[in-house]
Amino acid sequence: MSPTIYTIILSSLATGTIVTMTSFHWLMAWIGLELNTLAIIPIISTLHHPRSTEAATKYFLTQAAASAMILFSSMINAWNTGTWDITQMSYAPSNILLSLALALKLGLAPAHFWLPEVLQGSTLLTALIITTWQKLAPMSLIYMTMNNLPSTILLMLGLTSSTIGGWSGLNQTQTRKIMAYSSIAHLGWMAMIASIMSNIMIMNLMVYLMMTTALFTSLICSKSKTIQDTATTWTTSPTLAIIMMLLLLSLGGLPPLTGFLPKWLVLEELIMQNLIPMATAMAMSALLSLFFYLRLTYATTLTLPPNTLQMKFKW
């Protein structure tokens, strides 16, 4: 892809998110989301490989459907209340439809099936863009409509995402799929706290963006596409291996590290709201995620290739 076209595409990607984040009118928000989708399609399909074409098609179909649902819910709201203002979503059916559309757009379970497939079909850099930058616009819409979205639906979406993200990640050997399920689990935590305290949600999002960006950058540097690739990181750069270990443990949410802070605050807030079964279930689901982060950590730093008997190496 020529530098000019790449620049245009990346600036469109940035513009789409900024338009959505700064708009008050639903139509403008929808235009921003569409810009976002249309800009990332060529980035996914640059590989000229059947997998990447398939990933681009899947991404386009899910995002277009979610955007159409968002526009539809805002139209129903405008029809009943006479306003297109994003913050004035007061009609209950349109709020329910909006929360489901945003769940599909973000990849919250049970509408998460497209995310691992799309990430697996794209490069590590594209996967980084999809799991970080592409989450900003829908999250800003959640933040703006927060007071009106049905909290029960958000709590259920959060719980299922966290559980399914942890459970499905156990079975993976591809780092991109592991990161996809990690993304689903983290978004579950954000959806869980969104209706209770949006400040914690924003902090959670920021911590998630920083850690995911750093980990993807490490994976890109070490060219690790599978778990057995990460095992050879130590031979190329011990420093990178140690950084990856700390990042993985932080994503898992182990206490002295940064990733523990959002989880702690979310659990504390859930207990304050007397949602103790919910808090227990979220803590249990965090253990599932922690297992596959620990497995990655073990392969990356606690084994010195080629002395291990656990796995075959790429040479």
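Glycine residues also receive a Cβ, built from the backbone N, Cα and C atoms like all the rest.
TrEMBL annotations:
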type	residues	note
DOMAIN	25-288	domain 'NADH:quinone oxidoreductase/Mrp antiporter transmembrane'
DOMAIN	290-315	domain 'NADH dehydrogenase subunit 2 C-terminal'
TRANSMEM	59-76	transmembrane segment
TRANSMEM	96-115	transmembrane segment
TRANSMEM	152-171	transmembrane segment
TRANSMEM	178-196	transmembrane segment
TRANSMEM	202-221	transmembrane segment
TRANSMEM	233-255	transmembrane segment
TRANSMEM	275-294	transmembrane segment
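Highest Cβ pair count under 8 Å relative to the transmembrane segment (96-115), across stretches 59-76, 152-171, 202-221: 59-76. Within the model, the domain 'NADH dehydrogenase subunit 2 C-terminal' (290-315) carries an average pLDDT of 72.
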